[in-house]
């Protein structure tokens with residue numbers, strides 16, 4: 001079997017831990033029954049020996065496969081990782097969702113996306129990345145009694161993303177330590193209103209309001225202080241026809257959204273201006289993970 005799982009960009013400014021969308025940048029994993037266990041890694045992490053010794057995908061896969069099938073079989077895992085690691089593009093969510101869905105498939109069970117999403121919550125307790133990795137599109141989610149409830153909206157085909165990827169790993173755990181311990185009532189209301197309005201902009205295609213709807217007072221500034229150049233990335237994007245520009249997840253990547261022609265032009269300008277960073281033009285994925 002082969003499974004493709006997309007990269008994701010979460011939070012989107014004010015939608016902390018609840019908003020996210022799916023990008024056409026995929027991790028590809030092939031799994032085959034084998035006489036002996038083996039792992040092959042290409043792309044991101046291929047030079048990391050620890051990913052072969054203690055692989056999270058493999059660990060989750062076997063945990064669920066053995067629970068579902070009652071068997072202890074050997075498999076050959078072939079990873080082609082295209083999602084940058086620890087850059088705020090959902091690499092951990094792609095691993096979790098991919099492992100769970102693969103285990104269900106290889107155990108002979110029906111792969112139901114709602115079930116996969118609920119089970120993924122066990123391994124990542126906020127749905128902002130795992131939901132779009134599972135469902136695709138723009139997704140608004142909440143958690144109630146250990147279950148994920150999501151509403152998905154397909155993203156307009158006229159839009160595209162420009163993602164700026166610094167050469168700085170930033171784990172979610174590390175990034176959360178930078179967050180303020182207390183939040184004022186006014187700032188809480190600010191984020192609630194902006195996250196709600198941002199969601200409505202995507203649902204109703206009111207893209208002209210995204211620039212101010214995507215503002216945040218909860219997490220972005222504190223996280224961006226770890227890499228001050230990101231403030232310039234955001235300013236430059238908004239001055240060059242980006243409809244919105246936000247920290248991607250916990251960082252260090254930065255996500256900008258624009259109409260396709262503007263996004264292509266912005267990507268070229270970004271690459272020229274920010275020579276030390278990788279810049280990718282990406283279209284949006286509306287399917288979530290797919291088993292081939």
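Using N, Cα and C of the backbone, Cβ positions are placed for all residues, glycine too.
Database features, via Swiss-Prot:
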- 84, 85, 86, 87, 88, 89, 90, 91, 92, 93, 94: ATP binding site (BINDING)
Could you tally the C-beta atoms, other than its own, that fall within 10 angstroms of the C-beta of residue 92 (ATP binding site)? 20
Using an 8 Å cut-off from the Cβ centroid of 84, 85, 86, 87, 88, 89, 90, 91, 92, 93, 94, can you name the remaining same-chain residues around the ATP site, in sequence order? 7, 83, 249
I'd like the Cβ neighbour count for residue 84 (ATP binding site), meaning other Cβ atoms within 10 Å of its Cβ, all protein chains included. 24
Are there any residues at least 6 positions away along the chain from residue 94 (ATP binding site) with a Cβ closer than 8 Å to its Cβ? List them or say none. 5, 6, 7, 8, 27, 83, 133
